[in-house]
Amino acid sequence: MSLDSQPIADTFISSTIFGRWSRTVAQGTKKVTEGFLPSSDQGLQIIEEKPREEAPHGDPTFLESVDIYFDRAAGHSQSTADILSQIKACNNLIRLQFPLKCANGTVELVEAYRAQHSHHRLPVKGGIRMAPTVDADETMALAALMTFKCALVDVPFGGAKGGIKIDPTKYNIYEKESIIRRYTSELVKKNFIGPALDVPAPDYGTGPQEMAWIKDTYEHLRPEDINSTACVTGKPLEEGGIAGRQEATGLGVYFCIREFLNDKELVSRLNMKPGVRGKAFILQGLGNVGLHTAEKIAAAGGRIIAIAEHDGGLVDETGVGLDIDAVKVYKTQKKTIVGFPGVKTLKNSSEILELECDVLVPAALEAQIHSGNARNIKAKVIAEAANGPVTPDAEAILEKKGVVILPDLLLNSGGVTVSYFEWIKNLNHMRFGRMSRRIEESGKKALIEAFEMEFGNGARLSDDLRSQIVRGNIEVDYVRSGLEETMLNSWDQVKRTAHSKGCNYRTAAYLIAIERIATCYKLSGIFP
């Protein structure tokens, strides 16, 4: 029986595992039945899945876009066709369905996925999102991005991604806990989670609380695993998380924006002066990534002149820039930014993307800038904080206009970088700085006292200055230092590759990732 007609009809709880999944096979799965839904008069009823909606204005879908970007970079690669095919293919995809008993007593089916794109390095790594738009294509596209992202910033993971097809705002906390725990138990049964196999993390619609539930569920099902805390990252600090993880993705975005804007040669081509200070920024999305990016930009003197959210946006017409701290407080209280006092509110937030600015930072979902609106974009630089916010068709239009695109593959890799630090911390069973902080302080104190005795003539540093100099590094210091080192090194490699190959930054980032993965395959060989 063919994949495009095979019903899933054996039990109430069903799953489908596709091994060595390829893009060609993936195209034949869009008609696979969604599964069972409760029916008032027939108990269970088989229905067909609705065809996936096309991307806006006929642009390629998210998965197709990733493949297009891959193929462009592969054209610059020295690797053979068989290696490139292996790198491009999604190795495994699991599709799950399980029942949820809701608070009102009804039972509904939840659909979920986990894709493992590449096993060139283990464990594989990737977030879990909860959204009504989740499907197999999106999950595989995000898993592929994770593969290339990890390779680009040189963290030892393959790429993976998970998705649960629900609107999390429509479920209470107890229902969400049940969903997450059941999802985790299904992954455990299928051997799709574990500190040496597959390590999830937060994504759109999930956060530290959901990761804590995953950890607790895994530990109950695998009590013999001494490294069980490392089965998931993005956990609360009290549950084995790491200081600095919450702001990591946004901070990584800021580091790359800062480095680009500080490059005199690059910004001069755009008729701009170097530096973040004074530049006009527009942000789309004020979630975790967008908020922390905005805070860092504002702290560096950048002017955030507009913010777009799903239900509307804000425009500051004074030119001074929005007060990000005040907007944050307002959103926390009102659950929206619409109506923030003293500035203009636009109900159609898509219009905000088309306002004039120096840097546009899309930090929401994919395909927000497409062939339908790309010609209206007036930004000089687009910094992709979200995954896939610019379609290939839009990129072609924007580049003809001279717009520089800083790619998602690099910019939002700060999250997985710090997740890597958390994973290492969990495997070491010790926080960073625990064994070094006091010895650092002792050494600095002895050095200061020696200088005071030798050159101070009886003078002594003030207590405040002394405490600042003597202070030893704590965990968050190591995390931020490691993140900055990773982002700056990666940006430098992308910039040099783009220059040497005569390509844009996205193609350069993909090419670096492809070559590193290809090297792994060439050196490892084929087993058995």
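The backbone N, Cα and C atoms fix where each Cβ goes, and this holds for glycine too.
Note that this is a predicted model, so its numbers are computed, not measured.
So that you can see what the record holds, here are the features copied from TrEMBL:
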{"type": "ACT_SITE", "residues": "Lys161", "note": "active site, proton donor"}
{"type": "BINDING", "residues": "Lys125, Lys149, Ser419", "note": "substrate binding site"}
{"type": "BINDING", "residues": "Thr249, Asn288", "note": "NAD(+) binding site"}
{"type": "SITE", "residues": "Asp203", "note": "site 'Important for catalysis'"}
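Here the features listed in TrEMBL are placed on the structure.
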residue : record                         : Cβ within 10 Å
Lys125  : substrate binding site         : 28
Lys149  : substrate binding site         : 29
Lys161  : active site, proton donor      : 32
Asp203  : site 'Important for catalysis' : 21
Thr249  : NAD(+) binding site            : 28
Asn288  : NAD(+) binding site            : 18
Ser419  : substrate binding site         : 29
**Request:** Quick one: of the recorded positions Lys161, Thr249, Asn288, which has its CA closest to the CA of Ser419 (substrate binding site)?
**Result:** Thr249
**Request:** Express the distance between the Cα positions of Asn288 (NAD(+) binding site) and Asp203 (site 'Important for catalysis') as a whole number of Å.
**Result:** 10
**Item:** Neighbours of Lys125, Lys149, Ser419 excl. site residues, C-beta within 8 Å of centre, substrate
**Value:** Gly126, Met146, Cys150, Val155, Phe157, Gly159, Ala201, Ser413, Gly415, Val416, Thr417, Tyr420
**Rounded inter-Cα distance in Å - Thr249 (NAD(+) binding site), Asp203 (site 'Important for catalysis')** = 11
**Complete:** CA-CA within 10 A of Asp203 (site 'Important for catalysis'), subset of recorded positions Lys125, Lys149, Lys161 in residue order, equals Lys161
**Asked** Where Lys161 (active site, proton donor) and Lys125 (substrate binding site) are concerned, what is their Cα separation in Å, rounded?
**Response** 7
**Item:** Pairwise Cα distance maximum in Å, substrate-binding residues per record: Lys125, Lys149, Ser419
**Value:** 13
